[in-house]
Structures are given as structure tokens and as C-alpha cells.
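Novice: According to TrEMBL:
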{"type": "DOMAIN", "residues": "47-274", "note": "domain 'ABC transmembrane type-2'"}
{"type": "TRANSMEM", "residues": "49-71", "note": "transmembrane segment"}
{"type": "TRANSMEM", "residues": "77-102", "note": "transmembrane segment"}
{"type": "TRANSMEM", "residues": "122-149", "note": "transmembrane segment"}
{"type": "TRANSMEM", "residues": "161-185", "note": "transmembrane segment"}
{"type": "TRANSMEM", "residues": "192-211", "note": "transmembrane segment"}
{"type": "TRANSMEM", "residues": "249-272", "note": "transmembrane segment"}
Amino acid sequence: MNSTMSSATLRTGTNRPLRRHLSFRQTIRNSFTMAYRGLLKIKRTPEQLFDVTLQPIIFTLMFTYIFGGAISGDVASYLPVIIPGILVQTVITTSIVTGVQLREDMDKGVFDRFKSLPIARIAPLAGALLADTIRYAIATVLTLSMGYLMGLRPEGGFENVVLAALLVIVCAWAMSWIFAFFGVIARTASSVQGISMLVLFPLTFLSNAFVPTDTMPKWLKWFADVNPLSHMISAVRDLINKGTAGWDLAFSLIGAAVIVLIFAPITVRAYMRRT
């Protein structure tokens, strides 16, 4: 009788269909859980925030007092120009950390251990990108606060400053997919940082972030004018200083959407292949 019951139990368990895929809702829940894990890592090692806390302060002070008098005549006149540029440059540069930390976790075998958990395979990747939006928000608040302490008074109003901040955070999150892709395909964390800076350095400095493009040579002016970061910086300036939204804002949002549409699928595919 016991053998009959055991065989029946085995047949019942064997015939029960196994769930191979998690629901979309469960995937979202797992992703936010992994994002919370990322926040706990920041809490345990707060030195991870040194770049997003010190860089906005140092860069704002340095660029403003070095170039302010030469470019705009005085510091007060230069603040409406430099603060949006520093804001975009700082937050976009911060998004490199996504790829670097992703590569470090993969090298440590963290994602291999996640395989044994009943979670969506994509959740660790999605969670990492979600958690880093906190870093972008911190860098944004610090940069704008430094500008205010130095004398910047946004004529666009508080609501447009918030819109400008959200624009920068959204675009930085979109850019982080590029660096996440580098993090998945590169062999070391240092190579991720090197490749990312090689891409980002000319985009940030060959733009209208720090100086007007009118004084540049024609060939360089052409590059700076078509530079996507120049459009993003112009959109932030319009929102903060004038309270207006034009083509530069639309171009920035369209560009962010295109980046996500291109790099999110190939990053996920590469990540799934390697984990």
C-alpha cells in the first residue's frame, strides 16, 4: 500500500506542469527587489557616493571661477551658462558607474548565485540600472544647490527646474544602457571605465557645456552643434533660465528613447548569454 501511495505521489508530482517563465508583474517586483539590494550596497559602502557628491562641488567651483570672468565678464553672468553644463556633464559621467559595477559583480560571480534563486534572470540587470537613478538624483540636487548658493536664480521657476532635473535623470538612465552593454561585453571593470570615458570625454567637452560654440572653428562648431549633449544642455538652459521648452527638449527625449530601444535589447541579450 505504501509503494502504491508513493508511486501515485510521484506520478502526481511528475505530471504537474513546471512554470518556466515568471509573469511580468513578478519580473517587475524582482527588479525592484534587486534595486533595493543596490541601495543597501550604497548604505554599507557610502564611499561609492564620493564621485556624485564631490564632483559637482569641485567642478562647479573650478569652472565658474576659472572661466567665468573670461567668458561672461563676471561669475554671476556665467552661472546661467555653466550650471546646466556642469549638471549634464556630472550626471551623464555618473552613469558610467553602472557598467563598472555590473562588470565587478559579474567577475565576483554574484549573478551566478542569482541563478539558483526563483527570480527573473533579467532582474539583477534591471535592478542595477534602477538603483543608479538615486545617484543621478543626488548629483542633480547637489549641482543645482551649488548653483543657487553661488548666486544662480532660475528665471524659469521652480517647476521648470524640476522638469530640467527629470530630463537629465531620464537621459542619464538611457545612457546607462550603453555603459551597461560595455559592462557585459568587456573583460574587466577597468576596461569598461576606459572605453566609457573614451566615448564620453569628447562628447562632454566638445559641446556647448562650458563655452559658446560661436567662438569655435567651423568644423568644431559643426560637431558641437550636432552633439546630442549640446541639445540636452540647451534644453536644460531653456527650462532653467527661460522656462521654455523647444526642439532641443524634444530632440533629447527622442534621443533617449532611441538609445533605450537600441541598447536595451542588445544588452539584455548579451547579459542572458553570459549568465
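Cβ coordinates come from backbone N, Cα and C, glycine included.
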Novice: Is the transmembrane segment (49-71) packed against any residues at least 6 beyond its ends, judged by a Cβ distance under 8 Å, and which are they?
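Specialist: Beyond its ends, the transmembrane segment (49-71) has Cβ neighbours at 42, 77-79, 81-83, 85-87, 89-90, 93-94, 97, 135-136, 138-139, 142-143, 146-147, 150, 210-212.
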Novice: Give me the stretch from 122-149, 161-185, 192-211 with the greatest number of Cβ pairs under 8 Å to the transmembrane segment (77-102).
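Specialist: Out of the listed stretches, 161-185 contacts the transmembrane segment (77-102) most.
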